[in-house]
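K.L.:
Following this message is one structure expressed as structure tokens.
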Amino acid sequence: MAQRIPQEVIEEVRHRTNIVDIIGQYVQLKKSGKNYMGLCPFHEERSPSFSVAEDKQIFHCFGCGKGGTVFNFLQEIEGISFPESVKRVADLEHLSVDFDWSEPREVADTPENQQRRSLLQLHSKAAELYHHILVNTKIGEPALNYLLERGLTQELIETFQIGFAPQKRDFLSQVFKNEQLDETLFEPSGLFVQRDNGTFLDRFYQRIMFPINDPQGNVIAFSGRLLKTADFPGDEMPKYLNSPETTLFNKRETLFNFDRARKEIRKENTVLLFEGFMDVIAAWQSGVKSGVASMGTSLTNEQIRRLERVAKEVVICYDGDNAGVQATNRAIQLLQENSHFDLSIVSIPEKLDPDEYVRKYGAEAFQNLANHGRETVFSFKMNYHRLTRNMNNEKEQLDYVNELLRELTNVQSPLERDRYLNQIAQEFQLSVHSLEEQFNQLKQEQRSVQRQERQQFYQDEMMPPPMEEPVFEENHVQNKLPLTQVQKAERSLLFRLMNEQGVRQTIQQLPDFSFAHDEYQELYFLLESYATLHQSFDIADFINFLQDNQTKQLAIEIAYQNLSEESSEREVADLLHVIALSSIAEAIEQKKIQQQEAKRVGNQQLEAELTMEIIQLARQLKAQRTFT
């Protein structure tokens with residue numbers, strides 16, 4: 001099997017792709033002369049400096065300097081490897097990149113791709129039919145009137161391709177049969193339910209239909225809202241019914257409206273997170289077009305990872321009732337534990353949901369609330385912790401204050417902490433000094449617990465009992481120097497990368513990460529190259545994939561480590577922290593060497609600049625160690 005995509009294949013894919021069409025899915029482009037201009041997605045700017053040359057099929061930002069081909073753009077914006085970017089472009093152009101081939105082939109050549117494309121066509125036809133029924137037929141009039149009464153416009157219904165599934169249970173199946181569509185696709189599509197006699201009934205009936213799209217805008221599933229009428233009360237039916245999971249649709253990875261909102265999210269570096277589809281649509285109609293919603297379930301790590309590729313800030317805008325407040329608190333906890341997002345909250349007043357708020361107060365009021373009514377996580381927590389306490393009781397007041405001080409240990413900004421300490425002191429007639437003492441005590445306890453956990457971690461994970469070294473070749477040196485703490489951390493992290501896809505995804509989202517030692521960095525590059533060629537990671541196969549004997553031996557030693565079967569998020573964070581400290585220390589040493597050379601040749605300006613850089617790095621190193 002070839003180990004990389006042949007150059008002629010790369011060129012063929014590029015020649016059959018228009019870079020403007022691809023980049024236009026991420027950046028709003030406007031024609032300017034012979035090129036297209038837009039706001040750069042890689043740095044903040046107010047005037048466009050990002051240029052796409054259609055004739056040359058390249059892009060360049062005159063502000064930050066980034067540029068390249070369509071593959072380089074996707075590598076940068078989606079955080080993927082070069083082979084993955086080639087495959088990504090090929091998918092968008094309906095070509096399949098196979099590492100064994102020498103010419104591009106149409107997606108239909110493989111059974112899996114053929115079925116996927118056929119299922120996408122089936123969903124597209126269903127969406128078109130449902131939409132036609134809603135806007136053009138008498139059967140759809142009650143549903144259309146309901147939506148118009150809810151404040152939706154015809155334009156909005158078109159934008160979201162909202163439709164209606166009639167009450168007749170075999171409506172869609174009969175239409176598809178009349179069109180002689182492949183009935184073997186009915187069951188895996190999720191659009192139908194098969195009866196005992198082998199015939200098919202429509203899964204969705206008497207429902208307003210919301211198409212659910214993948215990031216490229218293809219319909220992959222539906223969510224149907226029950227439409228109750230006098231002759232169809234539907235009392236025992238669920239209000240919302242979603243498609244089951246299929247080869248197209250994984251609800252843990254899917255976000256409603258992500259395909260439409262992505263450009264705006266990229267532009268603002270911010271995403272608004274809603275609970276329901278109607279909330280997203282109402283926000284869109286109000287001019288807030290960076291909203292998405294999870295699929296009727298709590299937010300998932302897979303959805304968080306998708307959002308991390310396009311945004312730096314998440315604004316949680318859930319319902320204002322008690323259930324919505326509880327869901328907001330859970331989302332905060334999940335996001336704080338599994339991401340590095342800046343978080344803020346929009347609390348909807350009067351226990352309304354966003355859709356109700358828009359209908360009651362109008363689009364302008366909601367837009368103002370969404371843009372200017374955001375509160376910090378701590379401000380939300382202040383209100384949240386009141387819900388379960390009797391604030392007229394002195395003991396519960398003190399418990400409340402202690403709970404807030406614990407929450408305050410998660411606030412990094414000194415200004416924000418100072419403001420809230422003064423606010424708490426004023427409300428409960430306490431001295432700021434006493435609150436600071438209590439806060440510092442809690443902070444010290446927190447650091448002590450973290451330090452103990454890290455020490456236990458290194459005892460349990462970083463220093464496993466000695467094992468017999470596998471013999472690989474005759475000149476293998478048995479008496480090696482003891483590994484340093486950094487080397488142990490690097491080996492443990494590589495072990496996790498070999499065994500856990502989630503850890504690989506985490507590292508891929510850290511563009512500035514690198515191993516401290518070249519041999520481990522090289523192995524990591526080879527590991528990533530292997531992963532792009534294989535759907536699953538097999539240690540033995542990976543060893544065979546490696547060409548250099550020393551690298552193979554290193555991989556074997558790492559694979560033989562006696563570590564737990566599954567890592568924790570804390571373990572991975574600790575490993576990254578140890579490696580990062582080493583990288584800073586190494587950078588300081590390199591700067592010192594450069595400084596001595598500048599001094600030797602009499603370059604005083606460079607010497608002074610390097611001195612300042614060394615000071616900054618030393619402060620950074622000290623801060624990191626203090627945090628530890």
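Backbone N, Cα and C define each Cβ position, glycine as well.
Annotations per Swiss-Prot:
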| type | residues | note |
| --- | --- | --- |
| BINDING | GLU275, ASP319 | Mg(2+) 1 binding site |
| BINDING | ASP319, ASP321 | Mg(2+) 2 binding site |
| DOMAIN | 269-351 | domain 'Toprim' |
| ZN_FING | 40-64 | zinc finger |
K.L.:
State which of the following binding-site residues has the fewest other Cβ atoms within 10 Å around its Cβ: GLU275, ASP319, ASP321.
P.N.:
ASP321
K.L.:
Across the domain 'Toprim' (269-351), what does the pLDDT come to on average, as a whole number?
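P.N.:
On average, pLDDT over the domain 'Toprim' (269-351) sits at 91.
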K.L.:
Could you say whether, by DSSP, ASP321 (Mg(2+) 2 binding site) belongs to a helix, a strand or a coil region?
P.N.:
coil
K.L.:
From the DSSP assignment alone, can you count helix, strand and coil residues within the zinc finger (40-64)?
P.N.:
0 helix, 8 strand, 17 coil
K.L.:
Just the number: how many Å between the Cα atoms of ASP321 (Mg(2+) 2 binding site) and GLU275 (Mg(2+) 1 binding site)?
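P.N.:
The Cα atom of ASP321 (Mg(2+) 2 binding site) is 12 Å away from the Cα atom of GLU275 (Mg(2+) 1 binding site).
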K.L.:
With DSSP assignments reduced to helix, strand and coil, which class does GLU275 (Mg(2+) 1 binding site) get?
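P.N.:
The three-state answer is coil.
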K.L.:
Within the domain 'Toprim' (269-351), how many residues are helix, strand or coil going by DSSP?
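P.N.:
Split into helix, strand and coil, the domain 'Toprim' (269-351) gives 37 helix, 16 strand, 30 coil.
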